[in-house]
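Notes follow once the structure below has been shown.
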Amino acid sequence: MRAIGKRSISFGLVSVPVKIYTATQDHDIALHQVHDEDHGRIRYERRCEVCGKVVEFEHIERAYDAGQRTIVLEDEDLAELPAASRDDIEVIEFVPSDQVDPITFERSYVLEPEKSGVKPYVLLRRTLERTDRTAIVRFALRQKTHLGALRVREGALVLQQIMWADELRDIDLPALDDPPRVSAKEQELADALVHSLEADFRPEEFRDEYRDQLQELIDAKLERGDSVDTAATFGEAEPADSGGGAPEGVIDLMEALKRSVEKSRGAQGAKTKNRAAGKPKSAGTGKSAGKSKAASKPKRTG
């Protein structure tokens, strides 16, 4: 696991240097877009709407559309913003853990202490566990400032990015303004259903069925040769037959072997025929024998 950055947790006069790791990994199967006629890859170009040229990434800047005017922001402008350049994880307050709504959670990061910060790291971890508190922090990552929740998971400090308050929508559902009446019997049956399905949550017992079925589909198509040459999708080789047969190299090999066998059989047949034609008859005497000898002599030319 490779660290994506280094920061220092600061609370009061205590500083804890840490490495930051992403806490999750994506196992989704990546699917590319291809042309349905020749299976060529679809490319999206960064094309300028003014000059029409394809623009390389190093010549691209960012801009804000303010209606009739557009403000261009260069990398130097963004780098000068103080909040985006901070290198600490500032603890603002410690709040009861049940007050942090999970709906606000975004990305999660695992924090590992540097050698010089192991003791204050352990102290902060134990304090959060003993008090059942979550540290609300402010930090910068990828040129943006974020609000975060610092809590303990499996013996490690985990930093969870949380949304700003103005990013959460108010829940207003008109369909629930006049809720229907629920009878006591209906409520009793619903409670019984919940009771019958009670269990401890074990996430390892659940799998992404769609991903598994998609992988099985891909493996099956690959095994039966229903695929195309990857280089051909980039235009680097002749596209394979889209009929779904065996790969091109296999077809060539089978064809070569088939022709070799036919050629070998033809040569063997010709050799047998020549031997039969050149062998003298055991019962032949007199003129017949003489004719055979004459026939066996090479014909002089010229």
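Placed from the backbone N, Cα and C atoms, the Cβ positions cover glycine too.
The annotation domain 'Ku' is assigned in TrEMBL to 52-179. Annotated region 'Disordered' per TrEMBL: 232-302, in sequence order. The compositional bias 'Basic and acidic residues' annotation in TrEMBL covers 255-265. Summarising the annotation, TrEMBL assigns compositional bias 'Low complexity' to 279-293.
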Secondary structure content, the domain 'Ku' (52-179) (per DSSP, counts of residues): 41 helix, 53 strand, 34 coil
Mean predicted confidence [pLDDT] for the domain 'Ku' (52-179): 91
